[in-house]
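> Handing you a structure now.
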Amino acid sequence: MASIPHYDYLVIGGGSGGVASARRAASYGAKTLLIEGKALGGTCVNVGCVPKKVMWNASDLAGRIRQAKEYGFPDVDPKYADNFDWSGFKAKRDAYVKRLNGIYERNLQKEGVEYVFGWATLYKQEGQEFPLVHVKSDDGNTKLYSAKKIMIATGGKPRLPDVPGAEYGIDSDGFFALETQPKRVAVVGGGYIGVELAGVFHGLNSETTLFCRGQTVLRAFDIMIQDTITDYYVKEGINVLKGSGVKKIVKKDNGELLVTYEQDGAEKDITLDSLIWTIGREPLKDTLNLGEFGIKTNKRGYIEVDEYQRSSVDNIYSLGDVCGKVELTPMAIAAGRKLSNRLFGPTEFKNQKQDYTDVPSAVFSHPEVGSIGITEAAAKEQYGEENVKVYTSKFVAMYYAMLEEKAPTAYKLVCAGKDEKVVGLHIVGADSAEILQGFGVAIRMGATKADFDNVVAIHPTSAEELVTMR
């Protein structure tokens, strides 16, 4: 029997977190192998943040085309925005993603990380000192590897409901496979993915319905964000079906979808060209053999890890979406690098770990959302209502002074204690993601309301409102 290739560090999952951790480990001289089942870059690069933002840009540009005449360009017909070349743009977007896949591959090569494509299974064999990983490629070939340390960063996948005809809908991955633009589309789910996709479709002139279980979208965010985005989506003409749930889907002979849903105790029907499920995500761990290997998962199936990313089995680690803790690409990258620093780096990194508090996040809705820290409700529960002071501002950004349409801008600072430490910052409006990045530094450094007040405002900007609120 041929000897089994052995590594210092074996990473299962070639997404952002896995690649970052593998590259960092290799930079310290660790012999490193990375295993990826599909395409390098994971969800973010292939079917997430990157192509989503490209589509958001197109939708945002369509909105600006519709506004151009009011900004002094009389020859720009607003109807130009309705003539979006979906299939042509998809090809261009896919080519961009493929270039990024190549960049990821070259970066691994540059750091000396070996990599193979295939699906990994943890494997125990009598007499083996180190755990084995069995890898099966799509062409059926199999190979065994062993490693001193293994890290699982396989990510997540869209969750699908158990309703009749669910297979006639597509998930958020399927959104990026659409070759033509559906003219009548429904998005099921009021979380950030559903809100983003509904905004893209609406901006590109698809007749858009958004099924929402509650009375507001984005229920994981501060109530100001929930109300502002929900109200504006309704105002803009998105068919937001509050308190609704899809019961079944029937595909007609002509390809149309007849969707039956329940709302306010009554069953109703709607005919669509496409339906997209965005009801949540779950860990991608189907082939891993976690149970037999003794790796504990929680009730939702996510791998349980401690503050140092250690699983319940010695020398097996995990991070990213498969752990279900702050499922954001930059968080997985940061956690992956810190794990490799601790495992393979100099002694000053021996206790390094990722802090999962005060993580800035954005929703690329229309308009954008930015949030860091805790909500107003959470602050009052944590600190006591009498110890929390909230500053809010709702206004129309200067950009809209020339326009009949008035998109909302809403800002909130949640402050706690006598020194009014800013424990939550929540914003809705143009460029919220870009604005939040800088303010995220301030929140992480423990800024107080007085610190905000002592900053000279940049005028005229929307962001100046955050340092002038009283």
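Glycine residues also receive a Cβ, built from the backbone N, Cα and C atoms like all the rest.
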> For the NADP(+) site that Swiss-Prot assigns to G190, I193, E196, R219, G280, E327, A362, which of R184, R213 is also named?
R213
> C49 forms a disulfide with which residue in Swiss-Prot, given the options C44, C212?
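So the cysteine paired with C49 in Swiss-Prot is C44.
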> Tell me, in order along the sequence, which recorded positions from S16, C49, I193, E196, T228, R337 have their CA within 10 Å of T329 (FAD binding site).
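Near T329 (FAD binding site) by Cα: S16, C49.
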> Using a Cβ cut-off under 8 Å and a sequence separation of 6 or more, which residues in the same chain sit near E196 (NADP(+) binding site)?
K52, W56, V363, F364, S365
> From the Cα of T228 (glutathione binding site) across to the Cα of R213 (NADP(+) binding site), what is the distance in angstrom?
17
> Counting across all protein chains shown, how many other Cβ atoms sit within 10 Å of the Cβ of I193 (NADP(+) binding site)?
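The answer is 23.
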> What Cα-Cα separation, expressed in whole Å, is found between Y104 (glutathione binding site) and C49 (disulfide bond)?
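About 16 Å separate the Cα atoms of these two residues.
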> Which one is it, among the binding-site residues E36, A120, R337, K412, that lies nearest to R219 (NADP(+) binding site) by Cα separation?
K412
> Which chain-mates of R337 (glutathione binding site) that are at least 6 residues away have a CB under 8 A from its CB, listed by sequence?
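The answer is A20, S21, R24.
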> Using the structure shown, find which entry in S16, T228, T329 (the binding-site residues) has the sparsest Cβ neighbourhood within 10 Å.
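Among the binding-site residues S16, T228, T329, the lowest count of other Cβ atoms within 10 Å belongs to T329.
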